[in-house]
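S.K.: Below is the structure I would like to discuss, written out as structure tokens.
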Amino acid sequence: MSGNQYTEEVMEGVNWLKKHAENEAFSFVFKCDNVQLNGKDVHWNNYTKPIQNEELTSLIRGAQTAMDQTEEEEMDWESEVDSLAKKQVQTFDALIKKCLFEVFVSKNIEPNECVWFIQHEWGKDQGWHCHVLLHSKNLQQATGKWLRRQMNMYWSRWLVTLCSVNLTPTEKIKLREIAEDSEWVTILTYRHKQTKKDYVKMVHFGNMIAYYFLTKKKIVHMTKESGYFLSTDSGWKFNFMKYQDRHTVSTLYTEQMKPETVETTVTTAQETKRGRIQTKKEVSIKCTLRDLVSKRVTSPEDWMMLQPDSYIEMMAQPGGENLLKNTLEICTLTLARTKTAFELILEKANNTKLTNFDLANSRTCQIFRMHGWNWIKVCHAIACVLNRQGGKRNTVLFHGPASTGKSIIAQAIAQAVGNVGCYNAANVNFPFNDCTNKNLIWIEEAGNFGQQVNQFKAICSGQTIRIDQKGKGSKQIEPTPVIMTTNENITIVRIGCEERPEHTQPIRDRMLNIKLVCKLPGDFGLVDKEEWPLICAWLVKHGYESTMANYTHHWGKVPEWDENWAEPKIQEGVNSPGCKDLETQAASNPQSQDHVLTPLTPDVVDLALEPWSTPDTPIAETANQQSNQLGVTHKDVQASPTWSEIEADLRAIFTSEQLEEDFRDDLD
């Protein structure tokens, strides 16, 4: 239907409701129960005593006019509802308005500054009652209970004044006490779940009228059904409106206030289970936590540098220090449970530098090359441990003399991981206080385990154990790889003055033994922070996955305590810029380990064929001198040939043409 088919009265009612749609209003209910005082029955319709009050008389006359004008054509309402009930409703309407005006005067509020709506209804169980909606900018939610008490007082006083039953002064006082104590005026409230107290609940003025009051039917049979008698409001929009027009206003208001597009929201199972509204503080903390995890923030210093705004925001809140600590603990816990140390290192690899990365010339591999080791094999074994694939051998042990590169390799690995916990030997009672929720445990300069040997063995083997923390309860350490450096023999455990050899083999079974003995030059420097990410990326690129199955595929067996890192030997050309494929030589094939023959140039051939120079001292004399120094007699020493004799014998066996032909064959 088009808007032109509706009456002006209907459209004005719709616009008035839309104007006050979102206004918050108090919702009061007035009632009048049947009571008995000393055998005298006082019913709800016994309050029609005439009174000489022009204002009250004028209000009653206005309510009477409104009821007469809204009667239906069939006159069913007139025939079913007796005149006494109609007169009582009109009187109650005047009394309620009188109570409102008296409250306005007590609060110094002008009546034209308030918006109100009154509807008298009849219920099967409750009988007569009246709903009152009241909105004013000068009335706050906290004043709701005070307003109820004031209206209840005025309401009881007017009821006693207009009671048509002949009551004594004592009975009148008793009637007023009953009205006030029984709360014949109530206000809409809700009960708080935590405090278990009742608080005033505000309603939307326009929505409440359109969706609730205007949809009710007009009362026809007081004993058979429920409905409304009369409606009045401060805007005079529904005082004289008929029943059909009221429904039309409600329908139009509902259609016009309906949102144009309905957003479809998907509620997850977790949100349904939570069943509560998240506060802005919770949402802010969750957003901050996601940012910290994505940026791999694991310390307060990293947080200050990478996310200073969120750090200051939390620090400024009440209990900010605890909030920062707990948020950071959740971040480290998330990284420890979802990522391995190898994965955290691999994330930091610069792929643009990987193309020209020379593994053999990296500082870490230079240290391994000094010992004649297969540096790829060593790096592959370390990567497996960092990825929690070493099984019981969950610890990388760098040991040996000072200045051999133990700490600089361990430090580079720890910096690349980031989320690292350090063992504190000075804290005798709580040495692993910093090692919970970490991706790597770093033990620098480990010494005698002593009475903590069992804890060490459990952590070094990757077991889940619980440890005590200072000022807190016990906390669980999940399987975490360990990197350890030491100058001592940690396999020897001393408790007091007694050695415990039974711990030696279990400790060896838990260690990836890397013994460094070659002292580094003073200008060797530190390992670059980008080196280990590139090493891990290089291993993955060339098929050396960080799993023990892949390790045994390449190197034949799992690493042991006395692992020979020099076998199989590796060619010096490996990983040179022009080398594409990696080739290793098996230790079981001795021929493959022979050095490549160096071609001889012609000048070298001529030098070999020239006559040898004769030493001043014969070999026999040198032998005699050495034998005399050792206390050996000349008889026991066999005479050695001179250089001239050796040269003559060689030339007698091989001619110059034969020697030159052999050298040419080698060159080919």
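Cβ atoms are placed via backbone N, Cα and C, with glycine included.
Reproduced below are the annotations present in Swiss-Prot:
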REGION    1-277  region 'DNA-binding'
DOMAIN    21-260  domain 'PV NS1-Nuc'
BINDING   Glu121, His129, His131  divalent metal cation binding site
REGION    193-197  region 'Ori-binding'
ACT_SITE  Tyr212  active site, for nuclease activity
MOTIF     212-216  motif 'RCR-3'
DOMAIN    367-529  domain 'SF3 helicase'
BINDING   Gly400, Pro401, Ala402, Ser403, Thr404, Gly405, Lys406, Ser407  ATP binding site
S.K.: Given Tyr212 (active site, for nuclease activity) and His131 (divalent metal cation binding site), what distance in Å do their CA atoms have, once rounded to a whole number?
M.R.: 11
S.K.: Using a 10 angstroms cut-off on Cβ to Cβ distances, just flag whichever of Gly400, Gly405 is the loneliest among these binding-site residues.
M.R.: Gly400
S.K.: Going by DSSP, how much of the region 'Ori-binding' (193-197) is helix, how much is strand and how much is coil, in residues?
M.R.: 0 helix, 0 strand, 5 coil
S.K.: Can you tell me which parts of the same chain pack against the motif 'RCR-3' (212-216), counting only residues 6+ beyond its ends and a CB-CB cutoff under 8 A?
M.R.: 117, 119, 121, 131, 227-228, 231, 238, 246-247, 249-250
S.K.: So among the binding-site residues His129, His131, Lys406, who's got the most Cβ atoms within 10 Å?
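M.R.: It comes out as Lys406.
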S.K.: Hey, what's the Cβ neighbour count for Ala402 (ATP binding site) at 10 Å?
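M.R.: A 10 Å sphere around the Cβ of Ala402 (ATP binding site) contains 8 other Cβ atoms.
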S.K.: Per DSSP, what is the residue tally for the motif 'RCR-3' (212-216) in helix, strand and coil?
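M.R.: Per DSSP, the residues of the motif 'RCR-3' (212-216) fall into 2 helix, 0 strand, 3 coil.
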S.K.: Using Cβ atoms only, which residues of the same chain lie under 8 Å from Thr404 (ATP binding site) while being at least 6 residues apart in sequence?
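M.R.: Once residues fewer than 6 apart are set aside, Thr404 (ATP binding site) is near Ile367, Leu516, Val517, Cys518, Lys519, Leu520.
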S.K.: Three-state secondary structure of Gly400 (ATP binding site) from DSSP?
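M.R.: Reduced to three states, the DSSP call for Gly400 (ATP binding site) is coil.
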S.K.: Within 10 Å of the Cβ of Pro401 (ATP binding site), how many other Cβ atoms are there?
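M.R.: If we count other Cβ atoms within 10 Å of Pro401 (ATP binding site), we arrive at 12.
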S.K.: Reported as an integer number of Å, what is the Cα distance between Ser407 (ATP binding site) and His131 (divalent metal cation binding site)?
M.R.: 82
S.K.: Would you mind pulling the DSSP three-state label for Ser407 (ATP binding site)?
M.R.: helix
S.K.: Would you kindly give the Cα-Cα distance separating His131 (divalent metal cation binding site) and Gly405 (ATP binding site), rounded to the nearest Å?
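M.R.: Rounded to the nearest whole number, the Cα-Cα distance is 87 Å.
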